[in-house]
Amino acid sequence: MFYLKLAQRNIRKSFKNFAPFLLATMMMFVLNFILASIALSPQLDKLGIKSVSVVLIIGQIILIPFSIGIEIYAYRFLLKKRSREFGLYDILGLGKAQIIVVALLELLFLLLATVTLGTISGVILSKFLFLVFIALIGGNYFNLTFSILSFTIPIIVALVAFILLAVIGTWTIHHHSSLSLLHSESQGEREPKSRGFLAFLGVLLLVVGYYMAITVKIGPMIVTTFAVAVLFVIVGTYLFYVAFTIWYLKRQKRGRRYYQPEKFITTNALLYRMKQNAIGLGNITILVTMAIVTLVTTVMLQTGLKQNMMVNMPFTTELSAMNTGDTHVGNVSEEQFKSILSQTEKKAQVSLKNGVQYVDYGTSMMILPSGKHVTINHLTDNYNKAGIAVVQVVSRDTLIKLGNKLPKLAPNDVLIHNYSGHFNAETINWFGQLLRVKGQTTDVKNYPTQSSIGNSMMIVAQNDAQAEQLYQRIKFDANTIPRRTLIINLSKRDSKQVAKAFKAEGKSSVSPISTFAVDRFALQQEAQVYTGGFLFIGFTLGLTFIIGAALIIYYKQIAEGEQDKEAFRILQEVGLSKKEVSQTINSQIRLLFFMPIVVAIVHFAGAYMMVSKIINAFGITNKTLMLSVSGGVILLIAVLYYIIYKMTSRSYVNIVQRHV
């Protein structure tokens, strides 16, 4: 009973020390609760989007170890703050076993507070964020119900975290003497040693990581390369703070400017401070970088895929018919196609007379050589080959019907429309047929494109007959089958009805005809479920990383304020004015706490090409959008970081200036 009362009294009397730790554990509990409650909610079944829970569960898997790591960091800080108290207990007669019991009871009370307050906050915030989630995925069902697992998972995570904290606390108290505990807060630091090799290794790892990220090629190894590059940059970042900064400051001490008062104080203070806080600065840098990459990627997926769908599907409804057993262009005659469309109109009670009909020859992958006179004589399915391109043949007549203005072409003349760059050939030997390139088209509108697939190119033939002739040259090697297609703009309701009727008509057809209907509204809804889910995960993880960085910064400000208050008092006593002390304080705060955001932005700049290529794999190739989103996210993170800095720096200044 005595130990219970002592633990309760400690928390009440020293709540100022316990509050940051309790806040950290509650935040991590709430974030885990939110993801679990939405991912495992029965409402996802009712919405027909149960598969999106997989995306949320992946986010939960990423969040769990990170949240435990933040709680460990916070608890180690709390232990250091309370080490003097534990040392006094030992001197006053409490044995280490009794002190450990008190520390464990304190953890138990904090765990109960975390679970209780975290659950209440989690339920409230989950309800609100579920509305945000539903809005992002385009749903219309707004009532979140909780499953047993949504409560169980965050509680289990909290239990695991607190068990680890109990082990850390027990080991710390058991392996330190009462005197070392008593003086651990105030014990001096030896000057750190300069490690030139580690400094060089850190810079080398960063350079290699950047090089891998910038020069990576699109292919199956891109994810592996990305993982290795990230590992190099993470290790290089920690070595940069642990070794390179100390090596650099040691070199500064050799210069003449070092013996100026401000330079002397700042350099020495930073030298010791980097030794104490290098890992913390590395953690902040990695967290901020992760926040930038996560938010840029998910925002790009959300906005880029929407834009791509409008480009690739300029019409709301696309109806196609083909005979899968015949690669001849006339495998479905115009009369057969019109008959199917007529029956579709009757069933759906929707007119299709305003639609545009054409033959879609599909796309083919081939090696696209460079030069003025190129030869294309075979197709490929190897994505890793250099010069790979996705090529589609289109009739000029089709593009004219869709409202495009194109110059007239002679027989064997073609126009080129390259979505991803320039194709400067003057002639093309197309599987034995010589074609003259009469020019480049810069804008093709209203045609369903494949521009989202890597390096894509459209060959515009003189007319339907020549387009058919070019296809016949490659049909023996092609995996695609030509199909008759109609595209039309309809309302959401009519598009759904027509797509349903057209598919049904194909199934009931006597001849072996396959029908395909694409409803842009349905595709947009399906895509929005996943992109909205990714954006929600990006928002949650980004927020988590920022919270983690904020907590570390806050702890650092308090810890350094406590360490510096006595040093600055002594400096003032030996002759430094209050103004000089304040200038020294401000310069150190600015340098130390803005270094991570600057390094994080440099990291993202190094990873920009790799992130772009990964996003390109999803068919998003808009470079202007990528730059805009990246700039916006970096600006947002920088503003948040500045706000965190201003809020937490008050703690440091208040602690130090009480003694200045």
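All positions are counted from 1 along the displayed chain.
Just so you know, glycine gets a Cβ as well, placed from its N, Cα and C.
What TrEMBL annotates here:
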type	residues	note
TRANSMEM	21-40	transmembrane segment
TRANSMEM	52-78	transmembrane segment
DOMAIN	61-172	domain 'ABC3 transporter permease C-terminal'
TRANSMEM	99-124	transmembrane segment
TRANSMEM	144-173	transmembrane segment
TRANSMEM	194-214	transmembrane segment
TRANSMEM	226-249	transmembrane segment
TRANSMEM	278-301	transmembrane segment
TRANSMEM	533-555	transmembrane segment
TRANSMEM	591-611	transmembrane segment
TRANSMEM	623-644	transmembrane segment
Mean per-residue pLDDT computed across the domain 'ABC3 transporter permease C-terminal' (61-172): 83
Cβ-based contact of the transmembrane segment (144-173) with the transmembrane segment (194-214), 3 or more pairs under 8 Å: no
Tertiary contacts of the transmembrane segment (194-214), as residues 6+ beyond its ends and Cβ separation under 8 Å: 225-226, 228-233, 235-240, 242-244, 246-248, 250, 606-607, 609-610
Within-chain partners of the transmembrane segment (278-301) [C-beta distance under 8 Å, separation at least 6 from its ends]: 73, 234, 237-238, 240-242, 245-246, 531, 534-535, 537-539, 541-542, 545-546, 548-549, 552-553, 555-556, 592, 595-597, 599-601, 603-604, 607, 611, 614-615, 618, 620, 625-626, 629-630, 633-634, 636-637, 641
Interface-richest range of 52-78, 591-611, 623-644 toward the transmembrane segment (21-40), CB pairs under 8 Å: 52-78
Recorded stretch, among 52-78, 226-249, 591-611, 623-644, maximising Cβ pairs under 8 Å relative to the transmembrane segment (533-555): 52-78
Structural state census, the domain 'ABC3 transporter permease C-terminal' (61-172) (DSSP three-state): 98 helix, 0 strand, 14 coil
